[in-house]
Amino acid sequence: MGLKAYLEKIEPNFEAGGKYEKWYALYEAAATIFYTPGKVNKAGTHVRDSIDLKRIMIMVWAATFPAMFYGMYNIGQQAHNVILNGGASLPDMWQAALFTALGGQIGLESTGGLAMFLYGACFFLPIYAVTFIVGGFWEVLFASVRKHEVNEGFFVTSVLFALTLPATIPLWQVALGITFGVVIAKEVFGGTGRNFLNPALSGRAFLYFAYPAQISGDAIWTAADGFSGATWLSQAAAGNVTDWSLNADWWDAFFGNIQGSVGEVSSLAILLGGLFIIYMRIASWRIVLGVLLGGAVFSTLLNVIGSDTNAMFAMPWYWHVVTGGFAFGMFFMATDPVSASFTNSAKWAYGFLIGLMCVLIRVLNPAFPEGMMLAILFANLWAPLFDYFVAQSNIKRRMARVG
């Protein structure tokens, strides 16, 4: 018996009145991974396409793989470099013990890229697993109570949330963060398609304000004991970067040879995934370009104004793009179709506001050198208003046209 025939055979058990009716959400989620839903519209449709929401979400999920895989390698690379140079050692964490038990060695001249990748995987995969299991539990619970299908948007929420975290974050905080993002930022408003804030960023913001010591500072970015190292943005905010024309350092930041959150370090890897979802018309190029323009215009304005007391005024726009969460937020967070603006004209304003606010927070807020997370959440609140103004403008123009 084939898989499709087997699923069709057991389906009546999960439908209304069936033996396992309360588990319908789980059955539907599993079945539609392999096959499109069997339901049809009662009336004619405007667009007919074989793709559905699950396939769209899976494509976005797959688009994060370049940043994810490089991020795991970079975790190992950063730890290897500081241990090899002396003054640091393997951390007293079960992830490092697992790596050693698997036969891995790091911090040696003979250490290769595969060992670095394995070391990073020992840290990131548990984070992603906890995110998926805990967040998936809440998704299934709400779907079962409301008697509807499991929303596929969690495929994307889970991986985006995990990629914005440092490798050394405690797993119980990961569970709390994704719980806040799924339950408070999404499900209480009705679930996928009804939330007005980005769930992944809402969960990260909760962790930032509730447990700042484990998600910010200098000691969390490298998975090694006895080493503290600031991110590029933190160094710039402290006035430790005086020559922004260092091309070699910029390329290091672009390729991802720097410290940072797992999925935010390599602008090149992010660019590959971002261009894919733009090509597939899943992400809006207007929002991406708007974010880039907003950041470039405002940072250039601050460069012209200058400051004798704040070194961040001199930071060029092309450095803003490759440091912190700017690139990752621009491609994967700002383009969330639910919490972003919907109309084309509003997308430009929405994106521009994000880029402007990110640079504004980075430069003028000394307590928070990273600004993309707060900029996107702030713009989420403005997105409906931008759409409203565009809709009203279109209505007035059409009314004037018809007299």
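Keep in mind that glycine also has a Cβ here, set from the backbone N, Cα and C atoms.
Pulled from Swiss-Prot:
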| type | residues | note |
| --- | --- | --- |
| TRANSMEM | 56-76 | transmembrane segment |
| TRANSMEM | 114-134 | transmembrane segment |
| TRANSMEM | 165-185 | transmembrane segment |
| MOD_RES | T231 | FMN phosphoryl threonine |
| TRANSMEM | 260-280 | transmembrane segment |
| TRANSMEM | 287-307 | transmembrane segment |
| TRANSMEM | 312-332 | transmembrane segment |
| TRANSMEM | 348-368 | transmembrane segment |
| TRANSMEM | 371-391 | transmembrane segment |
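Comparing 56-76, 114-134, 165-185 for CB pairs under 8 angstroms to the transmembrane segment (260-280), the maximum falls on 56-76.
If one looks beyond the transmembrane segment (114-134) by at least 6 residues along the same chain, the residues whose Cβ comes under 8 Å of a Cβ in the stretch are 68-69, 71-77, 79-80, 95-96, 98-99, 102, 104-106, 158-159, 161-162, 165, 167-169, 171, 174-175, 178-179, 223, 262. Look at T231 (FMN phosphoryl threonine): DSSP puts it in coil.
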